[in-house]
Amino acid sequence: GKPTLYGSLTRRGLSTEGVPDIAASEGFVVGEVTKKSILISCPHENVSTKFLAPYTTFSRIHQKSITCLDISSGGGLGVSTSTDGTMKIWQAANGEIRRLLEGHVYDVNCCRFFPSGLVVLSGGMDAQLKIWSAEDASCVVTFKGHKGGILDTAIVDRGRNVLSCSRDGTARLWDCGKSSCLGVVADCGSPVNGVALGAADDSLNLGTPEKAPSDREIGTEGKILLLAREDKNLQGVGLQSRQPVFLFAGSDAFNCCTFLSSTYILGGTQDGNIYQLDVRNTGTPIQVIHRSGAPVLSLLPYRDGFVASQGK
């Protein structure tokens, strides 16, 4: 609700140890400076940020903005999608491109490795969900059923089942072995921008299925699916029951969500809020973090906290 403050940093020289001497414009203060980081604060707003030098930079993988990326469980491979229309698998150590995954029509929105690290799941604006071999770049399975672009995916346990959400307002559960849809987990009537799957706290009532689940459903019991919705709602749904567990209204469209634990979750909105909620009582957020008005685009648990990315 306040005007943005702009400032500039100027490097005046280098110390004999190779540490830059940096001056900040009015309103900003330079704190600790090392070869790898610069701490900047704005006393008037009581905020500070540490800028970290990249450990390494791969600038040749894509020509335009990177929209999604994932690293294999072993850490050896990366997969990424871009607004240049490509999806590529590359060596995480040196950025060397190993495979080009071609087959989606229009943009690819999301990509992730299966736990094995040998297979990739992707979703595109062509409303198709695809499974790829990371070894030979072949498309093993294509799922069709969504009526709009796929915006996010999740993998159930080791990957016999997978989930997708779409601009068509639905989240769907798929059987990889038979390449068929096991059901619509949720129909929100509004685009679902992001999903996250987690084990539910034991005290949470996930509801009971209206009919016995298919024997092709593997690992859906006791799981809760989070839905980051365009209509400003963050929703929890029992994966096996397909029953709503909670609905939380935020300040703007939810772009992303994640689990911190079986009880604590996060949701990020278009207007820059990060909501931390307790799934057992979502009436009032535990905290609302607002660093800037830029949209929160992705959230990831990390150690005792989390990593957030924001647009500009």
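Including glycine, each Cβ sits where the backbone N, Cα and C put it.
Within the chain, the repeat 'WD' (59-100) has long-range Cβ neighbours (under 8 A, six or more residues past its boundaries) at 106-113, 115-117, 120, 122, 134, 136-137. The repeat 'WD' annotation in TrEMBL covers 59-100 (among others).
Here the repeat 'WD' (101-142) has a mean pLDDT of 95 out of 100. If you look up TrEMBL, you'll see 101-142 (among others) marked as repeat 'WD'.
If you look at the repeat 'WD' (143-175), the same-chain residues 6 or more away from its ends with a CB under 8 A from one of its CBs are 106-107, 109-110, 112, 114-116, 119, 121-131, 181-197, 214, 216-220, 223, 225, 227-228, 237, 239, 256. As annotated by TrEMBL, repeat 'WD' applies to 143-175 (among others).
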DSSP assigns the residues of the repeat 'WD' (143-175) as 0 helix, 21 strand, 12 coil
Same-chain residues at least 6 beyond the ends of the repeat 'WD' (101-142) with a Cβ under 8 Å from one of its Cβ atoms are 67-74, 76-77, 79-81, 83, 85-89, 148-153, 155, 157-159, 162, 164, 166, 168, 174, 176, 179
In the repeat 'WD' (59-100), how many residues does DSSP put in helix, strand and coil?
-> 0 helix, 21 strand, 21 coil
DSSP helix/strand/coil residue counts for the repeat 'WD' (101-142) | 0 helix, 22 strand, 20 coil
